[in-house]
Amino acid sequence: MSFKKQTKTPTSWFPGLKKERDLSHHKERYCTQYDVIKVNAYGKRQQRTLAVSSLGVSNLNGQSCQWFVRNSDVYSIEQDPTDSHKFSLTFLHRYHFEAETPEQAKSIISEFKRLGVGSPSGGGGGGSGVSSNGSNSTATSPNTSPIRLYVSDPSNQPTSSSPPPQPPLSESVGVHRSSPMLSSSRMISQLSQSTSENNISSPTYHPQGLSGSSTSSSSASGGGGNNNNANNSTPPNLIASSASNSSLYSSSINSSGIINSSNNNSSISFNNNNNNNNSNLTTTTTTTSTFKTPTLPISQASKFNNESESMGLSPLTPNSNSQTALMQHINAMPNTPNSNSTEGSRVWKIRAEELKKQFLLKKSSKSTQTVATTTPTPITKADIKIVLDDNKDDKNKDNNIGSGGSGNSSSKINKEKDNPYINQPSSLPSNNNSNNNNITKSNSTTTSQTNDKKDVCSSTINFDNLEVSSSSDRDLSSSKSLNKKNKQSIKKLTIDDFELLKVLGVGSFGRVYLVRRKDTGKFYAMKVLNKKDMLKKKQIAHTNTEKMVLSTMDHPFIVRLHFAFQNEDFLFMCMDYVPGGELFHHLQKAGKFPEELAKFYIAEVICSLHYLHSNNIIYRDIKPENILLDEEGHIKLTDFGLSKSGITSVVGSKNGGEGGFATTFCGTPEYLAPEIITGAGHGKAADWWSVGILLFEMLTGRSPFLASNRNDMYKSMIQGNLRMPMFLSSDAQDLLEKLLVPDPNKRLGSTQGFEEISSHPFFELIPWRMLESKMITPPFKPTIKEISLPNSNSNSNNNSQQPTNNNLTLSCDPELNAKINFQRRKSSAASVYNLDSPFKNFSWNKEEEDGIMGERESIGSISSNNSISSSPTSSSPINNNNSGGSNTAGGHRILTRKSTIGKNLRKGSV
């Protein structure tokens with residue numbers, strides 16, 4: 001049942017009450033209002049009111065004015081030919097309106113044109129005009145005296161259509177800012193109409209700067225002319241006028257020789273030359289009187305183009321001055337980087353230099369490794385032996401090469417004067433035929449320079465193709481050869497080099513398998529990601545960041561990446577296998593942790609975050625699911641898919657932070673910082689908020705911000721509605737209250753970072769250095785469940801002879817068959833990804849990286865780690881039971897954790 005009040009008066013087509021409109025732009029002029037519908041480009045219909053007067057057009061929305069435009073600035077108003085209800089108004093943009101009826105649309109257009117809206121000739125004020133000859137007769141229609149635009153030939157040659165020159169513009173008359181066209185009849189008719197309606201005398205401003213002080217119709221430059229209506233006794237600037245002598249407006253304007261609104265044809269001409277100094281602006285009028293005054297250049301007329309003297313905007317008719325400036329700007333633009341691309345070219349130049357340095361570093365690490373690592377101990381004369389040859393294959397053939405040997409003519413010997421390790425040739429026992437310690441060249445044309453003491457002493461050593469071998473560097477040279485052999489023995493890894501043993505977990509973007517490398521017998525946790533899923537979910541940057549962080553970070557509380565490789569469809573990352581399980585699994589079993597145990601875990605988490613923050617990396621996904629426990633009870637941070645590098649700011653930009661920050665909305669909802677939720681930008685302080693959430697959950701067994709839905713939880717996080725349990729200690733409550741502060745600037749750790757948090761009374765008895773070195777025994781050691789594995793030949797791929805047991809069946813489980821799961825997909829999509837794959841630099845090998853960078857120090861370490869260079873740092877029962885990768889008849893017994901896949905898991909990261 002409807003309770004709507006029924007009224008006798010029918011509802012109008014334009015609903016809503018009539019309110020006072022903002023008509024201040026019309027300045028108390030009579031204006032006509034029309035209720036219309038405004039239609040935007042997307043088809044949205046809005047109720048508007050158009051108010052038009054002799055001054056301009058207003059678009060009213062209720063009591064407010066959306067925009068106001070002068071009549072002279074409107075380019076056109078026209079009715080839609082397809083739909084007679086609609087019409088459009090064009091000035092800066094094209095606006096579409098819809099009237100109630102076609103008749104109303106026609107009446108609106110006629111009224112607009114009557115008031116001079118959209119009229120190119122400038123007619124306005126109801127079509128009234130004023131004579132320019134001083135008489136009281138009304139001027140004819142504006143179409144009878146049009147203003148024409150003449151553009152002269154660039155050759156400055158007069159044509160038949162070019163009008164004669166006329167007097168220059170006065171300084172007091174403002175040239176239109178965007179258009180050179182001056183609508184004289186419109187301005188005169190508006191002034192005459194306003195004076196006739198109000199029947200009052202209004203002062204008229206006349207141009208100053210003319211050569212004469214009077215405002216008569218005679219030429220200001222000395223030209224002759226007759227005007228009987230001029231009043232020489234009136235001051236030169238103001239003339240009192242009324243409705244009876246409204247023709248004085250036209251006569252005064254005609255006296256300066258600028259605008260003539262008589263029935264004769266007037267014109268405006270522009271001389272557009274290639275040179276701006278030669279371009280002239282002349283206003284011509286075909287009258288009986290003759291004016292002979294010099295023309296005014298655009299360079300002098302440009303000072304009239306200011307906002308105070310502008311008569312409005314007309315972007316569709318730009319003046320010649322703006323066109324000339326635009327053409328100069330376009331012609332001055334070279335093909336090389338300019339001011340518009342200075343920043344971009346600078347960034348790319350820096351990036352190119354960095355890539356060049358990296359390339360040269362890798363290239364020179366092979367040839368000049370022994371030179372770069374030379375010990376600063378002084379070298380004796382007998383130990384010096386420098387061999388220079390551009391041909392690297394024949395570099396070590398002979399110890400003494402004659403000076404007449406053939407070689408590249410561009411190679412030179414340069415020797416530094418200040419080098420303490422290389423003696424001058426004059427101090428060495430020399431001989432004309434041979435030298436015991438030779439410094440030779442491959443080019444025979446430069447042998448005379450080696451005998452010349454002055455030339456050799458003034459030269460320097462070029463280290464590009466230099467090899468220094470001495471008795472103290474024999475171990476380094478031998479280690480270099482072993483490194484080269486070891487690097488040649490390293491091959492690219494594939495999935496066939498590993499044996500899938502168990503599914504450890506399933507995440508949002510992939511799976512984690514327990515694998516064993518066939519040649520070494522080492523166990524790893526292999527994370528497998530689908531390339532197609534990564535591309536669909538736009539996780540390319542996160543995946544590459546995770547690989548970069550894991551391959552570069554070296555901390556006892558962070559998992560290490562050993563291998564990263566790929567095929568056409570999948571990405572593989574082999575990391576440390578941590579058998580203790582997830583912290584979430586142990587917290588779920590215990591309900592809540594004692595304060596000492598929670599203090600130990602949160603202290604190790606803070607140490608790992610401090611290491612990441614010192615490398616300008618934020619983690620952004622701290623939760624018990626991403627914290628693993630090793631066999632001793634220490635933590636390991638894993639899953640760096642949401643980490644972000646290059647973060648130097650503690651807070652975001654809207655919070656007053658400086659430096660690099662992030663704005664991506666990502667993380668687990670229960671652990672999101674308020675600045676991440678609001679999108680204000682976040683930095684390192686967002687991780688300290690997550691630390692507070694984690695500590696609260698370990699101490700109480702629940703989340704600090706509980707709500708019925710996620711939006712209410714976000715609101716309570718932003719507002720900081722924290723309810724602290726009474727059973728917590730005072731130090732724990734104080735730490736949680738300072739960590740869970742919504743404002744990141746006031747949060748604990750935002751000013752001094754790790755030092756501010758570690759000095760809190762809650763961590764008073766924590767020895768941080770010993771903790772980071774794993775010298776403190778953990779309060780809890782996880783129970784490792786043992787699972788027996790069947791006997792398998794690591795050198796063969798045939799699993800049919802392997803026995804099975806109750807817990808693991810390798811031959812029957814299709815999920816553990818690499819050929820079934822990760823075989824090459826014969827599809828067109830796989831080949832498309834390989835054309836320009838975003839994961840082209842994903843493959844990484846720790847052994848190969850160690851060989852390139854030369855991190856091995858001695859021959860013994862190289863020989864001992866030649867086959868197993870990627871073993872975990874901490875000794876684990878897995879490595880002890882499987883040393884050397886040998887197989888026994890009874891089979892292997894490995895340690896693994898219980899699966900944490902269950903119905904009690906919270907939702908993953910967003």
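These residue numbers are counts, starting from 1, taken along the chain as shown.
Each Cβ is built from the backbone N, Cα and C atoms, and glycine gets one as well.
If you check Swiss-Prot, you get these features:
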| type | residues | note |
| --- | --- | --- |
| ACT_SITE | D621 | active site, proton acceptor |
| BINDING | L504, G505, V506, G507, S508, F509, G510, R511, V512, K527 | ATP binding site |
| COMPBIAS | 119-129 | compositional bias 'Gly residues' |
| COMPBIAS | 130-160 | compositional bias 'Low complexity' |
| COMPBIAS | 169-196 | compositional bias 'Low complexity' |
| COMPBIAS | 209-220 | compositional bias 'Low complexity' |
| COMPBIAS | 227-239 | compositional bias 'Low complexity' |
| COMPBIAS | 270-290 | compositional bias 'Low complexity' |
| COMPBIAS | 422-450 | compositional bias 'Low complexity' |
| COMPBIAS | 788-809 | compositional bias 'Low complexity' |
| COMPBIAS | 859-886 | compositional bias 'Low complexity' |
| DOMAIN | 498-763 | domain 'Protein kinase' |
| DOMAIN | 764-854 | domain 'AGC-kinase C-terminal' |
| MOD_RES | T664 | phosphothreonine |
| REGION | 119-239 | region 'Disordered' |
| REGION | 270-295 | region 'Disordered' |
| REGION | 391-454 | region 'Disordered' |
| REGION | 786-812 | region 'Disordered' |
| REGION | 859-910 | region 'Disordered' |
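Taking the centre of the Cβ atoms of L504, G505, V506, G507, S508, F509, G510, R511, V512, K527 as the ATP site, the nearby residues of that chain (Cβ within 8 Å, site residues left out) are V528. Counted within 10 Å of its Cβ, the other Cβ atoms near D621 (active site, proton acceptor) come to 22, all protein chains included. Look at the residue listed as 'phosphothreonine': DSSP puts it in coil. Listed in sequence order, K527, V528, L529, N530, D533 are the same-chain residues six or more apart from G510 (ATP binding site) with CB atoms under 8 A from its CB. Ranking the binding-site residues L504, V506 by other CB atoms within 10 A of the CB puts V506 at the bottom. Around the Cβ of T664 (phosphothreonine), a 10 Å sphere holds 14 further Cβ atoms from the protein chains shown. Mean per-residue pLDDT, taken over the domain 'Protein kinase' (498-763), amounts to 90. Classification of D621 (active site, proton acceptor) by DSSP places it in coil, neither helical nor stranded.
Residues L504, G505, V506, G507, S508, F509, G510, R511, V512, K527, recorded as binding ATP, reach a greatest CA to CA spacing of 14 Å. In the shown protein chains, 13 other C-beta atoms lie within 10 A of the C-beta of S508 (ATP binding site). Distance noted between the C-alpha atoms of L504 (ATP binding site) and D621 (active site, proton acceptor) is 20 Å.
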